[in-house]
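Structure first, commentary second.
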Amino acid sequence: MNTKISPLIKESLNKELKRQQSHIELIASENYVSKAVLELNGSVLTNKYAEGYPGKRYYGGCEFIDEIESLGIQTAKELFHAEHANIQPHSGSQANDAAYKALLEPKDRVVAMSLDAGGHLTHGYPINFSGYTYDFRFYGVNKDTEQLDYQEIEKIVLEHKPKLIVAGASAYSRIIDFKKFKEIADKVGAYLMVDMAHIAGLVAAGVHPNPLEYADIVTTTTHKTLRGARGGLILCKQEFAKKVDLAVFPGSQGGPLENLIAGKTQALLEASTDEFKEYGKQIVKNTKALANVLQENGLRLVAGGSDNHLINVDVKSTLRITGKKAEKILESIGIICNKNMIPFDTEKPFYTSGIRLGTPAMTTRGFKEEEFKQVGLIIVNALKDPSEENLEKLAKQVTSLCEKFPIYQNIKY
(Lines of atoms letter the chains of each structure in order from A and count residues from 1; the text may use other names and numbers.)
(Lines give C-alpha, C1' and ligand atoms only; values in the text may rest on other atoms or scores of the structure.)
Protein backbone atom coordinates (compact mmCIF):
# COMPACT_ATOMS: atom_id res chain seq x y z
CA MET A 1 0.00 0.00 0.00
CA ASN A 2 1.32 3.43 -0.93
CA THR A 3 2.42 5.38 2.15
CA LYS A 4 3.28 8.69 0.51
CA ILE A 5 1.03 11.58 -0.44
CA SER A 6 0.80 11.91 -4.21
CA PRO A 7 2.99 14.77 -5.45
CA LEU A 8 -0.07 15.99 -7.37
CA ILE A 9 -1.75 16.63 -4.01
CA LYS A 10 1.32 17.41 -1.92
CA GLU A 11 2.28 20.51 -3.87
CA SER A 12 -1.18 22.07 -3.42
CA LEU A 13 -1.29 20.99 0.22
CA ASN A 14 1.98 22.74 1.01
CA LYS A 15 0.88 25.86 -0.84
CA GLU A 16 -2.32 25.93 1.19
CA LEU A 17 -0.35 25.50 4.43
CA LYS A 18 1.85 28.43 3.45
CA ARG A 19 -1.21 30.51 2.53
CA GLN A 20 -2.79 29.91 5.93
CA GLN A 21 0.47 30.80 7.67
CA SER A 22 1.09 33.98 5.70
CA HIS A 23 -2.39 35.51 5.37
CA ILE A 24 -4.65 37.34 7.81
CA GLU A 25 -7.81 35.22 7.92
CA LEU A 26 -10.94 37.31 8.44
CA ILE A 27 -13.58 34.97 7.02
CA ALA A 28 -16.04 34.78 9.92
CA SER A 29 -16.81 31.09 9.40
CA GLU A 30 -13.17 29.95 9.39
CA ASN A 31 -10.74 29.13 12.18
CA TYR A 32 -7.55 27.23 12.97
CA VAL A 33 -8.15 23.91 14.71
CA SER A 34 -5.76 22.53 17.30
CA LYS A 35 -3.05 20.03 16.38
CA ALA A 36 -5.05 17.41 18.30
CA VAL A 37 -8.10 17.97 16.10
CA LEU A 38 -5.94 17.75 12.97
CA GLU A 39 -4.49 14.43 14.16
CA LEU A 40 -7.91 12.97 14.90
CA ASN A 41 -9.27 14.04 11.52
CA GLY A 42 -6.53 11.98 9.87
CA SER A 43 -6.62 9.05 12.30
CA VAL A 44 -7.43 5.35 11.75
CA LEU A 45 -10.99 6.11 12.82
CA THR A 46 -11.62 7.04 9.19
CA ASN A 47 -11.54 3.29 8.39
CA LYS A 48 -14.52 2.33 10.56
CA TYR A 49 -18.12 2.01 9.46
CA ALA A 50 -20.55 2.52 12.36
CA GLU A 51 -24.13 2.94 11.17
CA GLY A 52 -26.45 3.50 14.11
CA TYR A 53 -25.72 4.91 17.56
CA PRO A 54 -23.58 3.87 20.55
CA GLY A 55 -24.79 0.48 21.78
CA LYS A 56 -27.08 0.07 18.75
CA ARG A 57 -24.82 -0.35 15.72
CA TYR A 58 -25.49 -2.26 12.50
CA TYR A 59 -21.81 -3.26 12.26
CA GLY A 60 -19.54 -5.17 14.59
CA GLY A 61 -16.27 -3.89 16.02
CA CYS A 62 -17.68 -0.57 17.25
CA GLU A 63 -16.72 -0.87 20.93
CA PHE A 64 -14.09 1.88 20.87
CA ILE A 65 -16.02 4.02 18.40
CA ASP A 66 -18.87 3.95 20.92
CA GLU A 67 -16.56 5.19 23.67
CA ILE A 68 -15.54 8.25 21.66
CA GLU A 69 -19.00 9.12 20.36
CA SER A 70 -20.55 8.68 23.82
CA LEU A 71 -17.94 11.04 25.25
CA GLY A 72 -18.78 13.57 22.54
CA ILE A 73 -22.50 13.35 23.23
CA GLN A 74 -22.05 13.78 26.97
CA THR A 75 -19.61 16.68 26.55
CA ALA A 76 -21.96 18.49 24.16
CA LYS A 77 -24.87 18.09 26.58
CA GLU A 78 -22.86 19.44 29.51
CA LEU A 79 -21.27 22.29 27.55
CA PHE A 80 -24.55 23.66 26.21
CA HIS A 81 -26.88 22.47 29.00
CA ALA A 82 -28.85 20.30 26.60
CA GLU A 83 -31.06 17.31 27.38
CA HIS A 84 -30.04 15.48 24.20
CA ALA A 85 -27.25 15.75 21.63
CA ASN A 86 -26.61 14.16 18.24
CA ILE A 87 -23.06 14.70 16.98
CA GLN A 88 -23.35 12.70 13.76
CA PRO A 89 -24.46 15.31 11.16
CA HIS A 90 -21.82 15.71 8.47
CA SER A 91 -22.46 19.45 8.22
CA GLY A 92 -24.58 22.31 9.50
CA SER A 93 -26.81 22.00 6.46
CA GLN A 94 -27.46 18.33 7.20
CA ALA A 95 -28.12 19.18 10.84
CA ASN A 96 -30.76 21.66 9.68
CA ASP A 97 -32.21 19.11 7.27
CA ALA A 98 -32.58 16.58 10.09
CA ALA A 99 -34.06 19.17 12.46
CA TYR A 100 -36.70 20.07 9.88
CA LYS A 101 -37.50 16.40 9.30
CA ALA A 102 -37.90 15.87 13.04
CA LEU A 103 -40.47 18.67 13.37
CA LEU A 104 -42.13 19.09 9.98
CA GLU A 105 -43.88 17.42 7.08
CA PRO A 106 -43.23 18.57 3.50
CA LYS A 107 -45.03 21.83 2.67
CA ASP A 108 -45.39 22.81 6.34
CA ARG A 109 -45.00 26.54 6.88
CA VAL A 110 -41.83 28.03 8.38
CA VAL A 111 -40.83 31.62 9.19
CA ALA A 112 -37.10 32.41 9.04
CA MET A 113 -34.65 35.24 8.38
CA SER A 114 -34.20 36.20 4.73
CA LEU A 115 -30.83 35.64 3.11
CA ASP A 116 -30.22 39.30 2.29
CA ALA A 117 -30.92 40.30 5.90
CA GLY A 118 -28.35 37.81 7.21
CA GLY A 119 -30.05 34.41 7.08
CA HIS A 120 -28.65 31.20 5.59
CA LEU A 121 -29.31 29.20 2.42
CA THR A 122 -30.88 26.43 4.50
CA HIS A 123 -33.38 28.88 5.98
CA GLY A 124 -35.66 28.63 2.97
CA TYR A 125 -33.67 29.94 0.00
CA PRO A 126 -35.75 28.93 -3.05
CA ILE A 127 -33.13 26.76 -4.78
CA ASN A 128 -32.01 25.10 -1.53
CA PHE A 129 -33.63 21.86 -0.30
CA SER A 130 -35.30 23.82 2.49
CA GLY A 131 -36.97 26.24 0.09
CA TYR A 132 -38.53 23.64 -2.16
CA THR A 133 -39.43 21.15 0.58
CA TYR A 134 -41.16 23.53 3.00
CA ASP A 135 -43.30 26.66 2.71
CA PHE A 136 -41.07 29.47 3.97
CA ARG A 137 -42.04 33.03 4.80
CA PHE A 138 -39.40 35.57 5.80
CA TYR A 139 -38.60 38.31 8.28
CA GLY A 140 -35.77 40.80 7.86
CA VAL A 141 -34.36 43.72 9.79
CA ASN A 142 -35.54 47.26 10.42
CA LYS A 143 -34.56 49.54 7.54
CA ASP A 144 -33.29 52.27 9.86
CA THR A 145 -31.47 50.23 12.52
CA GLU A 146 -30.67 47.16 10.39
CA GLN A 147 -31.42 45.12 13.51
CA LEU A 148 -34.13 42.58 14.23
CA ASP A 149 -37.51 44.22 14.75
CA TYR A 150 -39.36 41.85 17.06
CA GLN A 151 -42.68 43.66 16.68
CA GLU A 152 -42.48 43.23 12.91
CA ILE A 153 -41.45 39.57 13.32
CA GLU A 154 -44.47 39.04 15.54
CA LYS A 155 -46.76 40.56 12.90
CA ILE A 156 -45.34 38.24 10.23
CA VAL A 157 -45.73 35.20 12.49
CA LEU A 158 -49.30 36.10 13.44
CA GLU A 159 -50.16 36.57 9.76
CA HIS A 160 -48.63 33.33 8.47
CA LYS A 161 -49.07 31.08 11.54
CA PRO A 162 -46.06 28.82 10.89
CA LYS A 163 -45.46 25.42 12.42
CA LEU A 164 -41.81 26.39 12.98
CA ILE A 165 -39.86 29.61 13.54
CA VAL A 166 -36.13 29.64 12.79
CA ALA A 167 -33.90 32.10 14.65
CA GLY A 168 -30.23 32.47 13.84
CA ALA A 169 -28.15 33.85 11.00
CA SER A 170 -24.94 33.67 9.02
CA ALA A 171 -24.32 37.42 8.82
CA TYR A 172 -25.97 39.17 11.76
CA SER A 173 -23.72 41.11 14.11
CA ARG A 174 -26.01 41.78 17.07
CA ILE A 175 -27.24 39.74 20.04
CA ILE A 176 -30.38 37.74 19.22
CA ASP A 177 -33.16 37.80 21.83
CA PHE A 178 -34.10 34.12 21.98
CA LYS A 179 -36.57 34.72 24.80
CA LYS A 180 -38.51 37.13 22.59
CA PHE A 181 -38.54 34.59 19.76
CA LYS A 182 -39.95 31.98 22.15
CA GLU A 183 -42.69 34.35 23.27
CA ILE A 184 -43.62 34.99 19.64
CA ALA A 185 -43.59 31.26 18.83
CA ASP A 186 -45.87 30.51 21.77
CA LYS A 187 -48.49 32.94 20.45
CA VAL A 188 -49.16 30.67 17.47
CA GLY A 189 -48.13 27.34 19.01
CA ALA A 190 -45.04 27.09 16.79
CA TYR A 191 -41.85 25.20 17.44
CA LEU A 192 -38.70 27.31 17.86
CA MET A 193 -35.48 26.20 16.22
CA VAL A 194 -32.23 28.14 16.62
CA ASP A 195 -29.35 27.82 14.17
CA MET A 196 -26.35 28.97 16.20
CA ALA A 197 -23.69 27.82 13.73
CA HIS A 198 -21.86 31.14 13.85
CA ILE A 199 -22.09 31.83 17.56
CA ALA A 200 -21.77 28.36 19.15
CA GLY A 201 -18.26 29.08 20.42
CA LEU A 202 -19.43 32.35 21.94
CA VAL A 203 -22.32 30.55 23.63
CA ALA A 204 -19.92 27.92 24.97
CA ALA A 205 -17.66 30.68 26.30
CA GLY A 206 -20.57 32.44 27.99
CA VAL A 207 -20.34 35.67 25.98
CA HIS A 208 -23.60 35.17 24.07
CA PRO A 209 -26.98 34.04 25.48
CA ASN A 210 -27.63 30.29 25.30
CA PRO A 211 -30.65 29.45 23.11
CA LEU A 212 -31.16 26.05 24.77
CA GLU A 213 -33.18 27.74 27.51
CA TYR A 214 -35.88 28.65 24.99
CA ALA A 215 -35.55 26.59 21.80
CA ASP A 216 -37.04 23.18 21.07
CA ILE A 217 -34.13 22.30 18.79
CA VAL A 218 -30.75 23.98 18.32
CA THR A 219 -28.43 23.23 15.41
CA THR A 220 -24.86 24.28 14.86
CA THR A 221 -21.69 23.58 12.99
CA THR A 222 -18.72 22.39 15.01
CA HIS A 223 -16.12 24.54 13.26
CA LYS A 224 -16.39 28.35 13.04
CA THR A 225 -16.24 29.88 16.56
CA LEU A 226 -16.38 26.41 18.17
CA ARG A 227 -13.00 25.71 16.52
CA GLY A 228 -13.54 22.03 15.86
CA ALA A 229 -13.58 19.48 13.08
CA ARG A 230 -15.94 20.37 10.27
CA GLY A 231 -19.42 19.00 10.84
CA GLY A 232 -22.79 19.50 12.46
CA LEU A 233 -24.41 19.07 15.86
CA ILE A 234 -28.03 18.96 17.01
CA LEU A 235 -29.12 19.75 20.57
CA CYS A 236 -32.71 19.38 21.73
CA LYS A 237 -35.18 18.69 24.48
CA GLN A 238 -35.58 15.03 25.43
CA GLU A 239 -39.08 14.89 23.93
CA PHE A 240 -37.57 15.39 20.45
CA ALA A 241 -34.58 13.06 20.92
CA LYS A 242 -35.98 10.00 19.14
CA LYS A 243 -37.30 12.02 16.19
CA VAL A 244 -33.99 13.86 15.83
CA ASP A 245 -31.93 10.67 15.93
CA LEU A 246 -34.17 8.98 13.34
CA ALA A 247 -34.03 12.08 11.15
CA VAL A 248 -30.22 11.95 11.15
CA PHE A 249 -29.96 8.17 10.73
CA PRO A 250 -31.46 6.71 8.66
CA GLY A 251 -33.40 9.82 7.60
CA SER A 252 -30.53 11.93 6.22
CA GLN A 253 -27.31 9.91 6.48
CA GLY A 254 -25.85 6.43 6.54
CA GLY A 255 -22.53 5.84 8.24
CA PRO A 256 -21.20 8.64 10.47
CA LEU A 257 -17.71 10.02 9.91
CA GLU A 258 -16.09 8.73 13.08
CA ASN A 259 -12.75 10.45 12.53
CA LEU A 260 -14.57 13.78 12.41
CA ILE A 261 -16.74 12.83 15.38
CA ALA A 262 -13.51 12.33 17.33
CA GLY A 263 -12.34 15.76 16.13
CA LYS A 264 -15.66 17.26 17.21
CA THR A 265 -15.36 15.58 20.61
CA GLN A 266 -11.84 16.94 21.09
CA ALA A 267 -13.05 20.44 20.23
CA LEU A 268 -15.98 20.16 22.63
CA LEU A 269 -13.57 19.15 25.40
CA GLU A 270 -11.34 22.11 24.51
CA ALA A 271 -14.38 24.40 24.57
CA SER A 272 -15.15 23.23 28.10
CA THR A 273 -11.97 24.82 29.49
CA ASP A 274 -11.35 28.19 31.13
CA GLU A 275 -8.84 28.93 28.37
CA PHE A 276 -11.64 28.71 25.79
CA LYS A 277 -13.81 31.06 27.84
CA GLU A 278 -11.02 33.63 27.66
CA TYR A 279 -10.77 32.99 23.94
CA GLY A 280 -14.47 33.78 23.51
CA LYS A 281 -14.14 37.00 25.50
CA GLN A 282 -11.14 38.03 23.40
CA ILE A 283 -13.07 37.45 20.15
CA VAL A 284 -15.68 40.00 21.23
CA LYS A 285 -13.03 42.50 22.39
CA ASN A 286 -11.19 42.14 19.10
CA THR A 287 -14.34 42.60 17.04
CA LYS A 288 -15.16 45.82 18.86
CA ALA A 289 -11.59 47.10 18.40
CA LEU A 290 -11.73 46.41 14.67
CA ALA A 291 -15.21 47.93 14.35
CA ASN A 292 -14.15 51.12 16.13
CA VAL A 293 -11.20 51.69 13.79
CA LEU A 294 -13.32 51.14 10.69
CA GLN A 295 -16.02 53.53 11.92
CA GLU A 296 -13.50 56.18 13.00
CA ASN A 297 -12.15 56.14 9.46
CA GLY A 298 -15.49 56.66 7.78
CA LEU A 299 -16.67 53.15 6.91
CA ARG A 300 -20.33 52.38 7.54
CA LEU A 301 -21.02 49.23 9.55
CA VAL A 302 -24.31 47.41 9.11
CA ALA A 303 -26.43 47.57 12.29
CA GLY A 304 -24.05 50.20 13.63
CA GLY A 305 -21.45 47.74 14.92
CA SER A 306 -21.15 44.29 16.46
CA ASP A 307 -21.80 42.31 19.65
CA ASN A 308 -20.22 39.08 18.44
CA HIS A 309 -17.47 37.79 16.15
CA LEU A 310 -18.34 39.46 12.87
CA ILE A 311 -18.73 42.83 11.20
CA ASN A 312 -20.64 43.63 8.01
CA VAL A 313 -19.11 46.61 6.21
CA ASP A 314 -21.08 48.61 3.64
CA VAL A 315 -18.36 49.42 1.11
CA LYS A 316 -20.77 50.50 -1.63
CA SER A 317 -22.16 53.58 0.12
CA THR A 318 -18.89 54.76 1.65
CA LEU A 319 -16.25 53.78 -0.93
CA ARG A 320 -18.30 53.38 -4.13
CA ILE A 321 -17.01 49.87 -4.76
CA THR A 322 -18.69 46.48 -4.66
CA GLY A 323 -18.03 43.83 -2.06
CA LYS A 324 -16.45 41.70 -4.79
CA LYS A 325 -13.97 44.47 -5.60
CA ALA A 326 -13.16 45.06 -1.92
CA GLU A 327 -12.59 41.34 -1.38
CA LYS A 328 -10.13 41.21 -4.29
CA ILE A 329 -8.23 44.29 -3.12
CA LEU A 330 -7.78 42.87 0.37
CA GLU A 331 -6.85 39.42 -0.91
CA SER A 332 -4.09 41.00 -3.02
CA ILE A 333 -2.34 42.14 0.18
CA GLY A 334 -2.95 38.93 2.13
CA ILE A 335 -6.17 39.73 4.00
CA ILE A 336 -8.88 37.15 3.35
CA CYS A 337 -12.55 38.04 3.77
CA ASN A 338 -15.72 37.50 1.77
CA LYS A 339 -18.11 39.67 -0.16
CA ASN A 340 -21.51 39.65 1.51
CA MET A 341 -24.97 40.98 0.87
CA ILE A 342 -26.22 43.63 3.26
CA PRO A 343 -29.84 44.40 4.18
CA PHE A 344 -31.80 45.92 1.28
CA ASP A 345 -28.85 45.30 -1.04
CA THR A 346 -29.26 46.62 -4.59
CA GLU A 347 -26.30 44.62 -5.93
CA LYS A 348 -26.55 41.05 -7.19
CA PRO A 349 -25.37 38.27 -4.80
CA PHE A 350 -22.17 37.70 -6.78
CA TYR A 351 -21.16 41.35 -6.43
CA THR A 352 -22.82 42.62 -3.20
CA SER A 353 -22.57 45.97 -1.46
CA GLY A 354 -20.69 44.67 1.54
CA ILE A 355 -17.93 42.54 2.97
CA ARG A 356 -18.04 40.38 6.08
CA LEU A 357 -15.11 40.42 8.49
CA GLY A 358 -14.62 37.99 11.36
CA THR A 359 -12.13 37.80 14.23
CA PRO A 360 -12.13 34.13 15.43
CA ALA A 361 -9.23 32.79 13.36
CA MET A 362 -6.75 35.56 14.11
CA THR A 363 -7.80 35.55 17.76
CA THR A 364 -6.75 31.89 17.77
CA ARG A 365 -3.34 32.98 16.46
CA GLY A 366 -2.98 35.41 19.35
CA PHE A 367 -4.13 38.74 17.93
CA LYS A 368 -5.50 41.11 20.53
CA GLU A 369 -7.03 44.59 20.32
CA GLU A 370 -3.81 46.32 19.27
CA GLU A 371 -3.24 43.96 16.34
CA PHE A 372 -6.84 44.31 15.18
CA LYS A 373 -6.51 48.08 15.29
CA GLN A 374 -3.55 47.70 12.94
CA VAL A 375 -5.57 45.38 10.71
CA GLY A 376 -8.39 47.90 10.60
CA LEU A 377 -6.05 50.67 9.48
CA ILE A 378 -4.55 48.42 6.80
CA ILE A 379 -8.05 47.60 5.49
CA VAL A 380 -9.07 51.26 5.37
CA ASN A 381 -5.81 52.28 3.70
CA ALA A 382 -6.06 49.54 1.06
CA LEU A 383 -9.69 50.19 0.15
CA LYS A 384 -9.25 53.97 -0.02
CA ASP A 385 -6.01 53.84 -2.02
CA PRO A 386 -5.69 50.59 -4.02
CA SER A 387 -2.71 51.84 -6.01
CA GLU A 388 -0.03 49.25 -6.74
CA GLU A 389 2.60 51.11 -4.72
CA ASN A 390 0.34 51.42 -1.67
CA LEU A 391 -0.82 47.80 -1.81
CA GLU A 392 2.78 46.56 -1.97
CA LYS A 393 3.57 48.54 1.19
CA LEU A 394 0.49 47.22 3.00
CA ALA A 395 1.23 43.62 1.97
CA LYS A 396 4.54 43.88 3.82
CA GLN A 397 2.68 44.99 6.96
CA VAL A 398 0.40 41.95 6.67
CA THR A 399 3.40 39.65 6.33
CA SER A 400 5.04 41.22 9.37
CA LEU A 401 1.95 40.71 11.52
CA CYS A 402 1.63 37.07 10.47
CA GLU A 403 5.29 36.38 11.23
CA LYS A 404 4.82 37.69 14.77
CA PHE A 405 1.99 35.21 15.36
CA PRO A 406 2.97 31.97 13.58
CA ILE A 407 0.64 29.00 13.16
CA TYR A 408 1.30 25.28 12.48
CA GLN A 409 5.10 25.74 12.61
CA ASN A 410 5.82 22.03 13.14
CA ILE A 411 3.61 20.72 10.35
CA LYS A 412 5.43 19.35 7.30
CA TYR A 413 3.94 17.53 4.32
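A Cβ is built for glycine as well, from the same backbone N, Cα and C atoms used for every other residue.
What Swiss-Prot records for Leu115, Gly119, His120, Leu121 is (6S)-5,6,7,8-tetrahydrofolate binding site. Gly119 ((6S)-5,6,7,8-tetrahydrofolate binding site) carries neither a helix nor a strand DSSP state and counts as coil.
What Swiss-Prot lists as N6-(pyridoxal phosphate)lysine is Lys224, and the listing cites sequence analysis. Lys224 (N6-(pyridoxal phosphate)lysine) counts 28 other C-beta atoms within 10 Å of its own C-beta, drawing on all protein chains shown.
Its own atom aside, the Cβ of His223 (site 'Plays an important role in substrate specificity') has 26 Cβ atoms within 10 angstroms in the protein chains shown. Under DSSP, His223 (site 'Plays an important role in substrate specificity') is assigned to coil, being neither helix nor strand in the three-state scheme. What Swiss-Prot records for His223 is site 'Plays an important role in substrate specificity'.
A straight line from the CA of Gly119 ((6S)-5,6,7,8-tetrahydrofolate binding site) to the CA of Lys224 (N6-(pyridoxal phosphate)lysine) spans 16 Å.
Of all the binding-site residues given, namely Leu115, Leu121, the one with the smallest number of surrounding CB atoms inside 10 A is Leu121.
Of Leu115, His120, Leu121, all annotated as binding-site residues, the residue with the shortest Cα distance to Lys224 (N6-(pyridoxal phosphate)lysine) is His120. Within 8 Å of the Cβ centroid of the (6S)-5,6,7,8-tetrahydrofolate site, not counting the listed residues Leu115, Gly119, His120, Leu121, the chain contributes Ala112, Met113, Ser114, Gly118, Thr122, His123, Gly124, Tyr125, Asn128, Ala169, Ser170. Cβ neighbour count for Gly119 ((6S)-5,6,7,8-tetrahydrofolate binding site) (all protein chains, 10 Å cutoff from its Cβ): 25.
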